[in-house]
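Structure, as structure tokens:
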Amino acid sequence: VQMEGLTGNIGFDDLGRRENYTLSIMEMTVDSDVVKIAEWSDYSGLITVPAKYTRVHTLEGVEAGRTYIVLTILEEPYTMYRKAEPGEILVGNNRFEGYCKDLADLIANKTGIKYELRLVKDGKYGVENPDVPGGFDGVIGELVRKEADIGIAGVTITSSRERVVDFTTPFMELRISIMIKNPVKQKPGFFSFLSPLAEEVWAAVGIVIVFVSLILYLVHRWSPMGNKKKVSPNGNVEMINEFDFWNSFWFTLSSLLKAGSVVLPSRFSPSEWQTSETLHGTRLTNDFNVINSLWFTLGAFMQQGCDISPRIVGAVWWFFTLILISSYTANLAAFLTVERMVTPINSADDLAKQTEVEYGTLQAGSTRDFFKASQQF
């Protein structure tokens, strides 16, 4: 199969490779003309064509014998003061070194001009300033006021600056970056078990424990089922209520900690045995029998206390502790097993919203203008 295309004859050999074609190599001139500079074919290779045009701009407007004022600003590694050798006296352009100095020398050698390298008077790159002549300060301002002819420095190209001066192709492209200390790995500390809940929550839990204990004490105090008969040593029968405020507090705390409300196993604890007068004489009794032991075990498993108390208040408290403990245990493992990376600032938005980390920009720079003009900041 053969046909004519934009690149000439289109044909293929037995191996499927294109054959019998020629490619023209073109180049665009400074006047936006396209000219042929070479051609390539599969049988003769690359053949250059003699150039019939000027490939560089003519130096129109360059005044012979004039010394041009080139403005720059001290900033490593672009422009720096050069250190003199022993016995050497540095004058004129030889006082400086750096990328901008080398670039100025290269331009001068290519164009044949003379130049004088000067530092900007106020040490600024140049931003809009209505208080100075020309509306700009720094390098841009001196160029606007024609105090200098050329500016060679690390000046960022912005829309406001482009309105008043002409920029060449940038020799370096930079973006706005936020520099901050590397995040620090935070390992669990001694009080890391408190981390799953906020300080306000822990304070509220402490207040609620005291409040619920007081409610239980009052309700049990007024309940006729909370009083028990007890024979005193002198033979008098007294009505007592063992559910005082401290027992109420202990019951509330034990419910929160998933435990019963007795301190030691009652059968082996001498403090749990009480003397009571019966028809058969004086006997030692222990209220913590098998049924009460079963109730204690079930209460601990169900995150409840084992004392017989007003169930309405107790049920509300148990429901509260169920939600609280479930939320706490769900977050505790992640806080203790994972090394958290403390990254207080991840974006410019985080930087603007916080007040702990102080930040700033160059006073007369494009970054300051960017944040100043941004609606977000």
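Keep in mind that glycine also has a Cβ here, set from the backbone N, Cα and C atoms.
Going by TrEMBL, these are the annotated features:
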- Thr156, Arg161, Ser366, Thr367: L-glutamate binding site (BINDING)
- 67-298: domain 'Ionotropic glutamate receptor C-terminal' (DOMAIN)
- 77-145: domain 'Ionotropic glutamate receptor L-glutamate and glycine-binding' (DOMAIN)
- Ile345: site 'Crucial to convey clamshell closure to channel opening' (SITE)
- Lys372: site 'Interaction with the cone snail toxin Con-ikot-ikot' (SITE)
- 201-219: transmembrane segment (TRANSMEM)
- 312-336: transmembrane segment (TRANSMEM)
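Calculated from their C-alpha atoms, the gap between Ile345 (site 'Crucial to convey clamshell closure to channel opening') and Thr156 (L-glutamate binding site) amounts to 25 Å.
Of the recorded positions Thr156, Arg161, Ile345, Arg161 has the largest number of other Cβ atoms within 10 Å of its own Cβ. For the recorded site, Arg161 (L-glutamate binding site), the DSSP three-state label reads helix. Counting residues per DSSP class in helix, strand and coil order gives 27 helix, 13 strand, 29 coil for the domain 'Ionotropic glutamate receptor L-glutamate and glycine-binding' (77-145).
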